[in-house]
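Going by TrEMBL, these are the annotated features:
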DOMAIN    A:23-348  domain 'Aminoacyl-transfer RNA synthetases class-II family profile'
BINDING   A:D79, A:L80, A:T81, A:R109, A:Q123, A:D127, A:R271, A:Y275, A:Y276  L-histidine binding site
Number of protein chains: 2
Amino acid sequence: MIEPSILKGFKDSLPKEEIAKKNIQRTLEDVFSSYGFVPIDTPVLEYENILLGKGGGETDKQIFHFEDNGKRKVAMRFDLTVPFARFLALHFSELAIPFKRYHIAKAFRGENPQKGRYREFIQCDFDIVGADNASSDFEILSLMNSSFSALGINGYTFCLAHRGLFNEFLSSLMLSDKATDILRSVDKMRKIGKEKVKQELEEITGSGEKTDKIISYISANENRSFTQTLDYISSLIGEKTESYERMMSIYSLLDKAGIKEHFVYDPSITRGLDYYTGIVYETFLSGIESIGSVCSGGRYNNLVSLYSKENLPGVGASIGLDRLVAALSEIGSPLVSNTSSADIVVFPKPGEEEKAQIAASELRSLGLRTDVYLRPEKKMKAQFEYAEKNSIPYALTFTEEGYALKNLATRESKSTLSLREVKELCL
Amino acid sequence: MIEPSILKGFKDSLPKEEIAKKNIQRTLEDVFSSYGFVPIDTPVLEYENILLGKGGGETDKQIFHFEDNGKRKVAMRFDLTVPFARFLALHFSELAIPFKRYHIAKAFRGENPQKGRYREFIQCDFDIVGADNASSDFEILSLMNSSFSALGINGYTFCLAHRGLFNEFLSSLMLSDKATDILRSVDKMRKIGKEKVKQELEEITGSGEKTDKIISYISANENRSFTQTLDYISSLIGEKTESYERMMSIYSLLDKAGIKEHFVYDPSITRGLDYYTGIVYETFLSGIESIGSVCSGGRYNNLVSLYSKENLPGVGASIGLDRLVAALSEIGSPLVSNTSSADIVVFPKPGEEEKAQIAASELRSLGLRTDVYLRPEKKMKAQFEYAEKNSIPYALTFTEEGYALKNLATRESKSTLSLREVKELCL
């Protein structure tokens, strides 16, 4: 006998978790479709040099890679962004541009698993590629808003910033050459706090005065509205640049679409990654901000450059589905808690197996998800346990006069029913 | 620049294919749910010895396996059956038994790609575990019938047989010790023809007389009905065994459920795999039988034995989703051909971007999947190409009096419309 173990950092998804994931995935897919976004998929395995080409900090140890039977160096995708860039380069001429796509799929990292992080995880990415204007920035934000609204979440806040504005500000301080380090430090503020960031900035800039100015910039939204913050940081930069105009156009669209209350301008949002060039954002859920951003992204203008001469600007966002499931479960969302396997289960007595299957067929055609308990020789207790484990609310049994329905929570019964009456009572 | 290539035997799924796959997957999931089946998932990577433990003919070369960074011997799953057995052994006490689950996921094989077969493919498996009776056999068959009906396929035939009956027949011929070879040979009949099978059987059995009897057994359904075939092969066996009674009970259920016309008893169906012990089946679509079975399976009674002392009987089936997509595409199913990305696209002129986004929001809230063309500065030709590539049937534009709607197939226009009228015209 082989011990049925599972690899470290991996886990099975049991029915209740998988039902919750599918509920969430369907909800998101419906929203994406309502915006005209289309799905794609790419292989789990790619040439290693395609995935590592970017060289963006992913090291050997963090990815699963090996030599296949044909001596090719292959690797399992560690995100959906790099395969998307490769996909765009390969299929550019076949696609409708601007290309609006979503991709929900597994990715893999060999890193040491931390609390709530696994070596196999589901990413949900959505992007618009081939347009660089306020409308497309807005469309991604609007799609994010519609998604979180559809997920039934009441309190969510999108924190926006613009990388161009930050770069222009750093340029005005003659700090452009240190921009990457500064952005990475500021990016950690939610984790390590303002004081720590201040210390780091002093080391990076070597100047208390410049550090104070940066701190003042990234704290600009304290006690200021969206547009006041923008005006204030423009005054720090010394002019109203294109980036400023873009942000104001986006804000105007958010305002006219009636969704501005979910958005704040937060100049401390930088997103550490090098490739962002415009708007950047993170998403926090009220009361559980500490779990971190559940949807993040931004505008990038040269993602495909590694594989193609096309210069494709893009804007997009990414949701870590596992973290989102955890968050929705903490909030108590019905998408996560409604995990009944069926609306009703038929409990036949021995000899009633045929009747049970026929009744089940009819209930299904009336629109009820109908299970049949397939071990009628078992004791009643086993039957009720079965219904309970599956969170099935009702049971159908047969009496001499007709059908009887039991509410399994209250243990109330009604008898002498038609299947149509059963259906009405179950809804 | 890195050449954006893709590994041999792998492929990207472009939007139209991926939309079709998602349509099919959702349709199947809805049917599975209507029967109270629940989804699960397992990791892509498992310990190599877990996956190969069965030793069922899968060799080193056919699977992707490697040593991970922690020196563990790991492999990518090559089907969903072995991981399911491991899953059952590990989670038995947490599950509701009988356990009815489905699993739609990718599997991987390193074998040389043949026409239409890839190294990465999607399997859809559904099983009932923990019950051994006619009701559960019937339930899987009924679920298969509901699935193919829901997929909008008119002509489909489920070919059933019973491994127990075949074994009893071979036993009556004193050929039990050669059963595996005989089953494997008969299994090839659709591919290599009856004459070739006859030659093989003569070699295996060393007897012309016994070969003739086997040929007569596996051809028993020619000119015989379901029950006539059963009665005839019973007469060949010499008695009415338990297997015969089981098949008759299943037939009675198919009859009472009004779905028997989709089922034939075909004694030549054996399924090569060792682990089947009862009913076995394959599914053929009218007119494209040559692509082979699109849904196959059977009853097995000791799948989990490698990992657990539990003796869990089960019955299930498996659909190769890639082959099903190809089949539905050949048949012209709307699930595969309806791949429009949206119901309507808004074409703003430069300066109308805000209006376009607002109108799109309203159309979405009216229930239309609404896209906005994000490059208003482009020529009309580019806009129409965009709609065509995305198979979007209608376009909305703005006039001084209100909204105008263009049917992109007929090029007919209507103007001075309200958005509600637009919605009515699009449905």
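Placement of Cβ uses the backbone N, Cα and C atoms for every residue, glycine included.
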Which has the fewest other CB atoms in a 10 Å radius around its CB: A:T81, A:Q123, the listed binding-site residues? A:Q123
Can you name the binding-site residues among A:D79, A:R271, A:Y276 whose Cβ is less than 8 Å from some Cβ in chain B? none
Can you check what DSSP calls A:T81 (L-histidine binding site), collapsed to helix, strand or coil? helix
Neighbouring C-beta atoms (10 Å sphere around the C-beta of A:D79 (L-histidine binding site)): 19
Considering all pairs of residues in A:D79, A:L80, A:T81, A:R109, A:Q123, A:D127, A:R271, A:Y275, A:Y276, annotated in the record as contacting L-histidine, what is the maximal C-alpha distance expressed in whole angstrom? 23
If I restrict to non-local contacts, at least six residues apart, and a C-beta distance under 8 angstroms, what lies near A:R271 (L-histidine binding site) in its own chain? A:R163, A:L183, A:D187, A:V280, A:E282, A:S296, A:G297, A:G298
Give, as a single whole number between 0 and 100, the mean pLDDT over the domain 'Aminoacyl-transfer RNA synthetases class-II family profile' (A:23-348). 93
When a 10 Å sphere is centred on the Cβ of A:Y276 (L-histidine binding site), how many other Cβ atoms does it contain? 22
Three states by DSSP: which one describes A:Y276 (L-histidine binding site)? strand
